[in-house]
Amino acid sequence: MKKILCIALVLIFAFGALAGCGSGGTNTTPSASPSASADGSASPSASGGAANGGTIKIGILGPLTGEAAQYGIAVSHGAQLYIDQINDAGGINGKKIETVVYDDKGDPTESVNAFSRMVDEGITGLIGPVTSKPTLAVVDEALTYNMPLITASATAAAVTYNADTQTVNTNVFRTCFIDPFQGEKMAQFANDVLKAKTAAVIFQTGDDYSVGLKDAFVAKCEELGINVVDQEGYSKGDKDFKSQLTNINSKSPDVVFSPNYYEDDGMLVTQARQAGIKATFMGGDGWNNVSKYASPADLEGSVYCSGYASGSTDEIKAFEAAFTAKYSGETPDMFSAQAYDAAIVLLDAIKAAEEKGLEAGSDDYKAAVIDAMKNTTSVGLGGKYSFDEYNNPIKSAVIMKLADGKETFSQMF
Amino acid sequence: MIKGYKGIPMPVRYLINAGLFVVFLVVVSSLTDAKVISTYNNKIIMLIGINIILAVSLNLATGYLGQLPLGHAGFMAVGAYASAIFMKAVIKTLPLGLSLPLGLLIGGLVAAVFGFIIGIPALRLKGDYLAIITLGFGEIIRVILLNIDSVIGFKLTYGAAGLKSIPKTTTFLDTFICVFLVCFVIHAILKSRHGRAVLSIRENEIAAESCGINTTYYKTMAFVMSAFFAGVAGSLYAGYIGILDPTGFGFMKSIEILVMVVLGGMGSMIGSVISATVLTALPEFLREFDAYRMVVYSLLLVVVMIFKPTGLMGTYDFSLSRLLGKPWERLTSGGKSKKAGDR
């Protein structure tokens, strides 16, 4: 008898949860983000399902927990900052922007699920996902809804361009550089500025970002006549790079390209100096915050390219002040800045669609937003934006140099 | 079967089960078509189906055979890649009605071959040693998928960049027909002579061997079957997500599946089904709670393990005849007989 009671209770609970979710998907307003709950209570729920009467919903998707949480939080904060600024200024066309923020843990499955849920909740545009794999999975899904999507940080070339079918994903844009671009830029920089004749590469095998940058760098080096004397790989999670670095040292290259993430880069530079390598280290935007992971003396003179230089212009200074004020002392990084820009591009496009008098959330509206993004003239922290034929931003890279343990703006390149 | 058995005759039981299943399929698909179940919820239901197959198939090796393999995600990965590569190649030439079952079969078979290759040496070991060696093999599979392109010289798995634009063929119907078939096959085998042999190995391997059971044969058989179904689940997953990436099939994925089995109760199929459902749906339902949802998830695991160390269901298995046996008897014999058939 007790057992039957138990089973009955479990079933009731299960069906209750299912039913609750079924209706929750279409009707209730989510309270996932601070701003949503703030004006969500005031926003008329009477407008019901398709709704968006007084609000325009935008999704922000990224890893808020897990390995890549640092990037996800930076992106969601950056985008939220601009959206709040617009809301404080009266919104778009009198309508408030409401954000739906979900965590994907950097996992493609979670990301697709969260995105489907956002679609159910009636978003008109998406900022995110943050990391490349989830973005690729979501892009596939977003195509079927023709959902405007702008990512602030997914650098894989395939995000906007499907090489299998040779088609551009027309609804997908980004405000960051793609992997090959960074590799090419750094090879060019090594040739033009550092006057390097020989180069070595140390990269993480099996990492999309690392391999993507390495391949582009090596190809460009060959084109420019720089001799790539050594290519060394290491595996994810490795802490000891002595054997690879000893190999590199024996070839004594002018520059060492290390297209990895900051933690590894820090260890690599430290161990390289111990192994006796004097060459200049170069990296991609994964080097952001590297200064906390190696000593100033070891890092001195290293360069990396980035999409963002702290404190370099008045706009960026204003952004940084606003960011620090809003998020209690946190300092923004490149990801926050690119997310802020992504929000600018998306909201400008939504403004254009609003001006046409279309109904928020409708297919025409989404098409108008995509159209407006394609021909965007928005001005963000990274300068004036425009997209090339593959929906990648056309902008110059920022070269950052490490001096006295600080990451300082060196030049635009 | 059992002499003097008075419960529901076997064909009737199977008919009732199949009927219930068809009703479930029809109800959920019509609700989906009527938009009562949204795309999002439909996706979660599909994912639940895939996880049920994974949990039930691992349960075959863990719960029924009594071994502790930690490389289940490896078999899932092999199946997923095999079927994805196949589907990408034939999607334009073969009709979906043919290519989809073939894809699932290829995914399963390739995983089964790997299961066989790994099972032969691994199953000579017991307990911790088996766990470690299967864990190692799982990782080897992942690393091979990651690096095979540079060895063979052409693009097969696309390594770290991920295998992209896989045809998204998995639907609710495919998934749950597979769930049903997998559960049915495992159930049927366990009720057969082979299944009894597998169970006897779990209870006492030496005693089983002294009774003349070829333990190596049965261990390998159960292990290969477990790998086959994991491969099928992988194929479904590939068609569900549309992009594969070896890092998703690491050690943690194997543990995730094992958690489902242990939480549901080792050796209980209904336990695996329930815990796969709960553990897949729970994090999604808890989305409103933001960062706290993973805390709730972990707490649930801790609480269940403290209060019910054998898992939610223990070794209890759902049995229609036990549930309906008494009413059936009353129906057929006018309530005279008192003794209900056990199984």
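Glycine is treated like the rest: Cβ placed from N, Cα and C.
What TrEMBL lists as transmembrane segment is B:12-32 (among others).
Among the features that TrEMBL reports, transmembrane segment is placed at B:44-64 (among others).
Sequence annotations record features per position, and here TrEMBL assigns transmembrane segment to B:70-90 (among others).
When Cβ-Cβ distances below 8 Å are used as the criterion, the transmembrane segment (B:102-123) is approached by residues 67, 69, 71, 74-76, 78-80, 82-83, 86-87, 90, 94, 130, 133-134, 137, 141, 169, 174, 178, 216, 219-220, 223-232, 234-236, 238-239 of the same chain, each at least six residues removed from its ends. Per TrEMBL, transmembrane segment is recorded for B:102-123 (among others).
What TrEMBL lists as transmembrane segment is B:129-148 (among others).
Tertiary neighbourhood of the transmembrane segment (B:169-190): same-chain residues 21, 24-25, 28-29, 32, 42, 45-46, 49-50, 52-53, 56-57, 60, 64, 87, 91, 96, 99-100, 103-104, 198-199, 225, 229, 232-233, 236-240, 269, 273, selected by CB-CB distance under 8 Å and a gap of 6+ residues from either end. Residues or ranges marked as transmembrane segment in TrEMBL: B:169-190 (among others).
What TrEMBL lists as transmembrane segment is B:222-243 (among others). Taking Cβ pairs closer than 8 Å, the transmembrane segment (B:222-243) reaches residues 43, 46-47, 49-51, 53-54, 56-58, 60-61, 64-65, 67, 69, 72, 75-84, 87, 100, 103-104, 106-112, 114-116, 118-119, 122-123, 162-170, 174-175, 178, 182, 186, 189, 198 in its own chain, all 6 or more past its ends.
Here the transmembrane segment (B:255-282) has long-range neighbours at 44, 47-48, 51-52, 54-56, 58-59, 62-64, 70, 72-73, 183, 186-187, 202, 293, 296-297, 300-301, 304-305, 310-318, meaning same-chain residues at least 6 beyond its ends whose C-beta is under 8 angstroms from one of its own. Per TrEMBL, the feature transmembrane segment maps to B:255-282 (among others).
Residues or ranges marked as transmembrane segment by TrEMBL: B:294-316 (among others).
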Point to revise | Distant-in-sequence neighbours of the transmembrane segment (B:294-316), which means Cβ under 8 A and at least six residues beyond its ends | key: 63, 259, 261-268, 270-271, 274-275, 279, 282-283, 286
Check your understanding: What else in the chain is close to the transmembrane segment (B:129-148), if you only count residues 6 or more beyond its ends and a Cβ gap under 8 Å?
Key -> 67-75, 77-78, 81, 114, 118, 121-123, 156-157, 159-160, 246-247, 249-251, 254
